[in-house]
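As structure tokens, the structure follows; a few thoughts come after it.
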Amino acid sequence: MPNTARPAAASRLALKETEEEELSRRGYHLELHIGEGSYAKVKSATSDRLHGKVAIKIIHKSLAPQDFREKFLPRELSVLTKVDHPHVIKVHEIMELGSRVYIVMDYAGHGDLLEYIQLHGALSESKVRVMFRQLLTGVQYLHSRGIVHRDLKCENVLLDSKNNIKLSDFGFAREFRQGELSRTFCGSAAYAAPEVLQGIPYLAELYDVWSLGVILYIMACGSMPFDDSNIKKMIKIQLEKKYGFPRSRKVNQDCKDLINQILTPNVTERPTIEQLLQHTFLAQGGASSSSDQVASDNALPQVGTFCTSSVSTSSGVC
């Protein structure tokens, strides 16, 4: 009996080669594998037009769930065509070839913030100040354009060759109107605000603010403020503000105050991006940065994302 599996495999290989050839004809030559998720991967490439290295996010639509293909992917592509800021990853081209979408963006030479902190440990005070200010201005820009991210975490904060912040991954981003409530409970549990974890319709821009507080804590302490292995317990700690700071690391008092202000469970008391930028900690010092401290022993695991929708009503959107 003839082996029918071999021609099928050859066909799939031929299709892959055809797509790589198509990318090559468009001036992009694939190189190293950078990372991957359930239905997307990122590869480095060289660009003939840009005369340098780029990163290409390859989304396999055939592997993705229906709600991603019909709702989240169109939103992400729409957002990417509307943003242009020094601290938001720059997208040069979006292509759809067959069942795959290719997003060509700047190459982040120093990887993501999680990898950086895992390698170097908690950041120096001056580096925290500079990098967090950059992150805030990137998110402030998005909000000013009517865009919320909804999945701010260290893995989605990229660093260029000079350690400048480049905000990335807009898979859960959406456009919003002032005062509009969201009802899609998406993001990463370890970075999620208590109102999101409790399934309460939320103001997405203040959800972003909470996530920024978690990122600031990780920058300054080299560890996570909350343990997401028990969500019910984590929510209780969030609501009672029972998280602490590691004794092994001396954290600037103004930085602690900024973290405490951001991680406010009452959304009516949580500060805006504009208020955060005026905080004493960020007003101190200049733009210079010093070397990082010795690596911390605290684990910083990769965290997964979640996305569920509540019962829809006229007052909320996904």
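Just so you know, glycine gets a Cβ as well, placed from its N, Cα and C.
Going by TrEMBL, these are the annotated features:
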ACT_SITE  Asp151  active site, proton acceptor
BINDING   Lys57  ATP binding site
BINDING   Asn156, Asp169  Mg(2+) binding site
DOMAIN    28-282  domain 'Protein kinase'
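For the residue listed as 'active site, proton acceptor', the count of additional Cβ atoms within 10 Å of its Cβ stands at 23 [all protein chains shown]. In the three-state DSSP scheme, Asn156 (Mg(2+) binding site) falls into the helix class. DSSP gives the residue listed as 'ATP binding site' a strand state. Its own atom aside, the Cβ of Asp169 (Mg(2+) binding site) has 22 Cβ atoms within 10 angstroms in the protein chains shown.
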